[in-house]
Amino acid sequence: YQYPLVFGLILAFCWCSLVCCSRIYMGMHSILDVIAGFLYAILILVVFHPFVDLIDNFNLTYKYAPLIIISLHLALGIFSFTLDTWSTSRGDTAQILGCGAGVACGSHVNYIMGLNLDPPPHTLPLSLSSLTVTVFGRAILRLLIGVIILLLTRVAMKKATIPLACKIFRIPHDDVRKARQRMEVELPYRYITYGMVGFSLMFIVPCVFHFIGLS
């Protein structure tokens with residue numbers, strides 16, 4: 001959609017400020033951490049922005065892209081788990097990597113199956129339609145259905161992955177919270193669970209919308 005540049009800048013600034021302030025308020029990071037992270041994000045944007053279309057085309061069209069994506073994200077997850085002590089940031093890292101891998105794989109499956117979920121390029125930018133009761137109702141219904149599917153996916157995968165990982169690595173699962181602090185449990189739990197959440201977000205939920213006429 002086409003929207004005023006000033007509106008986009010204000011929205012981005014507010015969202016960034018809320019994220020940064022929340023990390024400081026929760027005691028997860030210091031002000032110096034937030035500043036360094038912000039500058040690092042700008043560096044990543046500058047370096048990778050010219051290659052976004054190339055990477056996206058590779059993810060969509062290359063036959064073995066899902067295997068490479070999963071292997072790369074899993075390797076990054078294992079590398080991030082080399083800390084000597086348990087930290088919530090380890091689980092957060094695995095969660096982000098898993099979700100990213102799931103989104104990329106879901107996009108690949110959409111392309112391979114010929115599911116045109118996005119409008120064709122020649123129709124962009126889209127114009128904002130008037131807000132009616134019907135449009136608002138469909139939007140709320142899509143939100144509710146999508147959230148329910150994602151929550152069910154998360155619950156099902158969580159109940160499956162934690163006991164399975166404990167059984168494979170022979171870790172007592174009487175205390176689930178303590179078991180999740182072990183790398184052998186937390187990595188597959190976070191990675192697989194949120195990988196499936198990301199995959200559902202990109203493939204399963206849109207297919208459900210298409211099937212029930214809410215696309």
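From the backbone N, Cα and C atoms, a Cβ is placed for every residue, glycine too.
TrEMBL labels come from automatic prediction, so no person has curated them.
Confidence over the domain 'Phosphatidic acid phosphatase type 2/haloperoxidase' (6-52), given as mean pLDDT on the 0 to 100 scale, stands at 91. What TrEMBL lists as domain 'Phosphatidic acid phosphatase type 2/haloperoxidase' is 6-52.
The feature transmembrane segment is assigned by TrEMBL to 6-25 (among others).
Marked as transmembrane segment by TrEMBL: 32-52 (among others).
As annotated by TrEMBL, transmembrane segment applies to 64-83 (among others). Taking Cβ pairs closer than 8 Å, the transmembrane segment (64-83) reaches residues 58, 90, 93-94, 97-98, 100-101, 104-105, 108-109, 183, 186-187, 190-191, 195 in its own chain, all 6 or more past its ends.
As annotated by TrEMBL, transmembrane segment applies to 95-113 (among others).
If you look up TrEMBL, you'll see 133-152 (among others) marked as transmembrane segment. Sequence-distant contacts of the transmembrane segment (133-152) (same chain, six or more residues past either end, CB-CB distance under 8 Å): 197, 200-201, 204-205, 208-209, 212, 214.
Annotated transmembrane segment per TrEMBL: 191-212 (among others), in sequence order.
Contact count against the transmembrane segment (95-113) (Cβ pairs under 8 Å) is highest for 191-212, out of 6-25, 32-52, 191-212.
Summarised by DSSP class, the composition of the domain 'Phosphatidic acid phosphatase type 2/haloperoxidase' (6-52) is 42 helix, 0 strand, 5 coil. A Cβ distance under 8 Å defines the sequence-distant neighbours of the transmembrane segment (32-52), meaning residues of its chain 6+ beyond its ends; these are 16, 20, 23-24.
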